[in-house]
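Pulled from TrEMBL:
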type	residues	note
DOMAIN	422-795	domain 'Acyltransferase 3'
TRANSMEM	52-69	transmembrane segment
TRANSMEM	81-103	transmembrane segment
TRANSMEM	115-138	transmembrane segment
TRANSMEM	158-177	transmembrane segment
TRANSMEM	189-211	transmembrane segment
TRANSMEM	361-383	transmembrane segment
TRANSMEM	470-488	transmembrane segment
TRANSMEM	509-529	transmembrane segment
TRANSMEM	569-591	transmembrane segment
TRANSMEM	600-619	transmembrane segment
TRANSMEM	746-764	transmembrane segment
TRANSMEM	776-798	transmembrane segment
Amino acid sequence: MSLVMLGSVIVAIHTYVRDLDAVLILRPTEIAKAHETDPTFNETYKMGHANISSYLIGMSLGYFIYEWQKKKIDSRQYSKLRLLFFLYTPMLVALILSGAVFYRDGPRYPRHIRAICAAFYKTAPGGLVAIFVAGLVLKLENVYRKVLEWDIWVIPSRLNYSIYLIHYPFLIVYINMQNSLVHMSYLHLIATSVVITIISFIFAIPLYLLVEAPFSSILNTVQLKKTAIKQNDSEGPTEFERMPPVHKTDNYESCLQEPSDVYCELIFQLVSDEPNELLSMIEEYSEHSTTHFNHTKLRHGVCVTQRCQNYIQINTPVSGAILEGCLNKTFWDDYRLKTRIQQYSCYNLASSEIHINNSDIVAGLIVLTILVLNTIGSFYDVYCTSTKRKGNSIVLSFSIKRHWRNLITINHDDGRSDNIKCFNGLRCIIEYGVIFVHTAITYYIVGGSIHEIETSYKNLFYQLIFNGQIIMQAFFVLAGFQLVYKLRIFSEKHQLDWSILPKAIFKRYLRLVPAYSFVLLMVATWFRFQGRGPFWEVVGEVNVSNCKKNWWMNLLFINNYVNGPQCLVVSWSIAADMQLCLFSIILTLLLKNTRFRQTILMSLVMLGSVIVAIHTETAKVFATDPTFNETYRMGHTNMSSYLIGMSLGYFIYEWQKKKIDCRNYSKLRFLYWLVIPMLVALVLSGAVFYRDGPRYPRHIRAICAAFFKTASGGLIAIFVAGLVLKLENVYRKVLEWDIWVIPSRLTYSIYLLHYPFLIVNMNMQNSLVHMSYLHMIATSAVITITSFIFAIPLYLLVEAPFSSILNTVQLKKTAIKQNDSDGRKKTK
C-alpha cells in the first residue's frame, strides 16, 4: 500500500512540476497526434512508472484472494454486502463522467488541484476495479458473475492479445477507405467499433494459430519437458497414460514377410472378472462421449506371428479363442484386465491375392465402352466435321476435344450469367470447406493421437471443423436460388405449367446419375484392387461391401432416409438436393400466380425450422448417429435453407427486373461486411455443446437446432444477395476471379471423387497418423488436388457427354415443336 501511495505521488509530482492536465484531455486539434505533442499523454499516461499504482493494487488483490481461498473462508457470510458491491460499477461510471469538469469553458484549474486530481484518478479507478474483481472471484454475488462466466467469452478472451495488436492497423485501414467525410453519431460510432472489433477478431484467429500459439506452445513444451524430467521419478502416470491405447497397430510390412505370417485387425472390449479400479476409471472417463472416445472398446492391429507364437499350433487356423488368449496375457500383465473379442479379421500374403469376378468384368466392359465411344466421338469431331459440316450431334456428344474446349473456355458477357459469376468462387470455396471437414474423419479412424483429438475440442481452430457442417447450408441456399432464378428466366419465353415437372425431374436425374453411377461402380468393384493395408477392413472393405449391397438406394436418391450401412456416406447431400429440387419445382408451380409468394415461403422456412426442432425434441440430439440421421442428412430437415435460397431467387429476379440502382444502398456495405464475421461466430458458438458437464435441457437443444439451420441459411443468403447485387467490391471481386471458373465446372465430379480418395489415403497408411494443423491442411490439399486431377477425365468422358446428349435431345424436341408452330402459322 505504501508503494501504491508512492505511485500516486509520482503522478502528482509529474503533473505539478510539468504543469500537466489532471486527466488526458482529448483536444480536437491534438487527438490525432497526442503521442507527439501532448505532454500529459507522454508523461503521466503511457509511462510504466506512472501506472504503477494500479498494477500494485492488482498485486495486493492477488495476495489477498490467495490467502482468503487458502483459509477457505465462506464468502456467503458476507452476502449482505452485495448491495454495496452493486454500487461499485455506478461509482466507476460516475468517476469516469466526473472527468467532464476538465472540459469546461474557462481557465484551467490551479496546478495543485490538477496534481491532486491526477493522483486520485490513477488510484481510485484501480481500487474500485479491484473491489469489483474481488467480489466476482469470491462469488459475493451472482448477477455480474454469471454474465462474465458465460462460455461465449472463452474463445475471444484467448484472442484478446492478438485482437489488441491488430485493431489499430484495421482502424487506420478503415479511415483510409473513406472516400468522403464521415459524420459523428451514436449509431455510426457503435457500428464502426463493432466492425473493427469483429474484423480484428477474424484476423486474430490466423495470427493466433500461425504465430502466437506456436511460439507459446514451443515455450510450454520446453518448460514441460524440464518439469517432466524433474518429476518423472516422483510422480506416477497420468489418468490418460494409465489407459490402454484405443488404436494400436503392429508394423504391418515387417509382419508379413513369409506366406505363413498372419496379421489380424481386432475389435475387443475390456472386461474384468472382479471389481477393478482402472476399469471403473476408464468407464467413467468414457461416459463423456461428446468429447471422449470409448476407451473400453479398442481396435488393435496385431502381428499374430510375432506376438502370439505360444498360442498357435502348427497347421491350426487362427481363431477368436487364440487371439483372446494372446491379448489376455498382454493386458493382464500390463493392466490387470482381460479382453472379450467382438470382431476380428486376419489375412496373410496368400489371402491378399484378389480374384477377378463377374462384377469386375462388367465394370471393365463399361469402362471400355465409355473409352471407345469417346475415342470414336473425338476422331469424328477432328476428321469428319468442319465449319460447313456440323456432323451428328449424338456422336459429337462424346468428343473430348469439344468438351475440353467448353471446360477451359471462359466467357465474358454482360448478361444475367455475369450477375451470378461470383457463384464460381463460392462453389469452389464450399467444395474445399467440405473436403477439409471430411478430412477430419482420417484421425478418428486411423488416428494414433487419441488424447490430442479429445483435447482438440477445446481448440478454436478445430471448432471451425467440428461445427463446419453448417457449410452445407450454403450448398442448399445456392441450389434453391439457382433453381428459382433459372425458372423465372425460363418463364419469360416459355409457358411455366405442370408439364414441365416430369421433364425437369427427368433432366435433373439424368444430369446426376451417369457420373454418380460410374463412381459407385468403381467403388463396388475395382476399389478392391488398390491393395490391402492394416486399415483395409475398417476403411476399404466396409465401403466396398456397402456399395455392393446398397448402390440402388443411391441411384434412387433415398439413401439419406435409410439408416444403417451406407455406400459413400457423404452422398446424402446429393439425395437431399434431388428431393428438395422436386419439392421446390412443385412449390414454384403452385406459387407462380400468387401475390403472397414471399409470405408463404417464409412460413415454410419457419415450418422447416420447427421440423428440425421437433426431431431434436424427440430424438437423442447431438449424439452422433441419431443427430446425423434425423436432423442433418434428411431432405426435409434441410428445407429451411433451400427455401431461403428460393426466396432469394425471387427477390433478386424482381430487383433486377425493376433495375433498381444498388449504389443507393452503398452505405449498408459496412453492415454487410459483418455477415461473414457473424457466420464465423455462429460456427464457433457450437462449441458450447462440447462443454464438460451435463447436456443442455432438451427444449434448449431443440431451439438451438432450429436456430442454427435457419440463421446460417439466412446469413448466407444475405451474403449472396450482396454479391449478386454488387453491394460491395471486396468479397465480390475475389469470388469473380476467372481462376474459379474451371474448378467450379468440376465441383460435382470433385465431390463424387473426394471421399473415395480419402478412403484410399487412409488405406495407404501403414501406421497410425497424428492430428495436427499442418497435417490436416496438407491432407485436405492432397485430397482436393487429386480429386481435381481425376475429376477432369470423369467430366470429359462421363459427365459432359451424357449432359450433352440430354441437351441435344431437348434441343431437337424444341426445334420440332418450333417447326410445327411455324408451319401452322404459314398455313393460316
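Any Cβ shown, glycine's included, is placed from N, Cα and C.
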- Message: How about the transmembrane segment (115-138) with the transmembrane segment (81-103) - do they touch, taking at least 3 C-beta pairs under 8 Å (6 or more apart in sequence) as contact?
- Response: yes
- Mean per-residue pLDDT computed across the domain 'Acyltransferase 3' (422-795): 83
- Folded-back contacts onto the transmembrane segment (776-798), same chain, C-beta under 8 angstroms, at least six residues removed: 370-371, 374, 400, 403-404, 407, 431-432, 435-436, 439-440, 442-443, 465, 514-515, 518-519, 743, 745-746, 749-750, 752-754, 757-758, 761
- Note on the structure: Relative to the transmembrane segment (509-529), the stretch among 52-69, 158-177, 189-211, 470-488, 569-591 with the most Cβ pairs under 8 Å is 569-591
